[in-house]
């Protein structure tokens with residue numbers, strides 16, 4: 001009895017303390033964990049409910065592999081272009097006055113364009129270089145250049161790369177700016193006082209310091225483009241060149257017999273790609289934090 | 001040495017303006033094109049600011065705008081109710097659970113919305129069964145989507161104050177836990193809560209994937225729908241939505257600056 005009396009008050013507060021987190025955990029389980037499990041388990045379930053590898057095997061079908069390939073190409077190309085241009089823009093801002101209007105307006109605009117792309121972005125490009133867009137018409141009227149002489153590429157991979165770059169550059173600016181801010185002017189002065197040239201400073205000091213942050217940001221851009229759906233969905237109405245659009249097809253169209261869970265298998269494939277990329281990103285992030293924290 | 005530095009500053013200035021001009025053209029051209037495109041029909045903008053007429057002419061668009069505003073407000077409320085007490089509580093009483101909560105909150109970053117929607121479809125079959133198919137039910141999914149951003153903002157706010165000492169002081173004066181959370185800690189992280197709410201609103205107003213694939217409506221879904229019938233109007237609404245988001249985030253950055261400067265002054 002005495003033991004219990006001592007133990008009880010100690011156990012009681014912990015129990016009630018846990019009770020306080022129940023709403024949060026219950027919510028996350030219902031709307032995050034269960035959907036994730038639905039995808040993972042569904043990818044390995046046959047139409048009759050039993051275990052089946054048919055869906056995962058179907059991922060090696062030509063058209064799905066092509067879609068994955070195009071998704072990866074689109075993400076990689078737009079990530080590299082976005083990373084390089086975004087880093088240049090970030091450097092241009094860092095050399096300007098800290099806390100100035102230029103910097104504030106540009107970073108706010110970048111915040112909007114990086115996160116608020118989606119459907120509006122598709123319409124922005126339709127108004128610009130769509131078939132009756134501003135630039136298309138202007139080039140036709142004034143310089144008699146036909147943007148689409150070799151076919152309408154806006155709705156295909158080159159068009160998607162161009163449109164994706166529009167939100168990748170701002171994202172790069174946002175994630176790379178803190179790393180550039182971490183570079184101290186004293187390091188450059190130290191390199192110079194030891195007789196180093198600008199070239200040496202960039203290749204021996206700033207370059208190696210910024211490399212992990214740059215690579216990490218590029219990976220983040222890749223994951224961002226790989227997961228993006230809205231822009232492509234609004235732009236491409238015919239065919240499904242990339243994986244997110246294939247998933248749309250699997251969700252909305254009539255289900256092909258024996259492939260009810262194919263969408264889930266494709267979704268699982270996407271999660272795996274993103275998870276690998278994000279794990280590498282976390283690794284590089286830790287390295288960056290060591291130097292520039 | 002001074003000559004070298006002056007030369008470098010000049011070079012940096014030339015570089016800065018070259019980059020800004022080239023990228024500025026790339027980024028402003030689509031916006032300028034949107035202005036040009038949406039003014040081809042002179043009636044578009046007057047119609048957009050005339051709410052009764054707009055909801056008459058484009059009932060779907062009006063419904064989408066109203067739904068998005070309701071979703072944004074409700075998501076912000078649900079996110080705050082769910083996240084703020086939990087984050088404070090975990091910091092005070094269950095520090096061992098902090099990593100788990102952080103992991104769960106950041107998890108949606110690795111799950112693309114298009115994947116989440118695949119898994120959410122069966123869950124929403126139940127939601128529809130219990131609560132009906134209203135577009136407001138999207139709030140449940142949106143709260144998950146904004147978790148990473150909201151958690152980071154609130155966690156940064158909590159890291160900036162000494163939660164434990166505040167709570168112990170309040171408790172020793174006889175305050176209940178509810179009082180500690182609502183009247184002691186919450187006022188101290190006001191600006192973090194505000195920025196979490198701002199980010200939530202901006203994200204919800206821009207959401208398309210989940211709403212579209214769960215057959216519900218919001219601003220973006222109605223813009224996309226409108227694009228099929230009236231291109232000019234859809235471009236005008238897109239531009240208005242972009243500008244609204246820009247103003248929201250500019251306000252957010254100004255609020256953040258004020259927070260920093262008051263901290264430096266005190």
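From the backbone N, Cα and C atoms, a Cβ is placed for every residue, glycine too.
Nobody curates TrEMBL annotations by hand; they come from automatic prediction.
Fair warning: this is a prediction, and the values are worked out from it, not measured in the lab.
Annotation comment: TrEMBL describes B:65-252 as domain 'ABC transmembrane type-1'.
Sequence annotations record features per position, and here TrEMBL assigns transmembrane segment to B:14-35 (among others). Counting same-chain residues at least six beyond the ends of the transmembrane segment (B:14-35), those with a Cβ under 8 angstroms from any Cβ of the stretch are 235-236, 238-239, 242.
Only residues 6 or more beyond the boundaries of the transmembrane segment (B:72-92), in the same chain, are considered here, and those with a CB under 8 A from a CB of the stretch are 98, 101, 105, 136, 139-140, 142-143, 146-147, 150-151, 154-155, 158, 163-164, 167, 180-181, 185-186, 189, 193, 196-197, 200-201, 204-205. The feature transmembrane segment is assigned by TrEMBL to B:72-92 (among others).
Under the heading transmembrane segment, TrEMBL lists B:104-124 (among others).
Annotation source TrEMBL lists transmembrane segment at B:130-151 (among others). Tertiary proximity for the transmembrane segment (B:130-151) is limited to same-chain residues at least six positions away from its ends with a CB under 8 Å from its CB atoms, namely 67, 70-71, 74-75, 78-79, 82-83, 87, 101-102, 104-109, 113, 116-117, 120, 124, 196, 199-200, 203-204, 207, 210-211, 214-218.
Long-range Cβ contacts of the transmembrane segment (B:192-214) within its own chain (Cβ-Cβ under 8 Å, at least 6 residues beyond either end) map to 68, 71-73, 75-76, 79-80, 83-84, 113-114, 116-117, 120-121, 124, 135, 138, 141-142, 145-146, 149-150, 153-154, 156-158, 160, 186, 220-221, 224, 241, 244-245, 248-249, 251-252, 255-256. The transmembrane segment feature in TrEMBL is assigned to B:192-214 (among others).
Residues annotated as transmembrane segment in TrEMBL: B:234-255 (among others).
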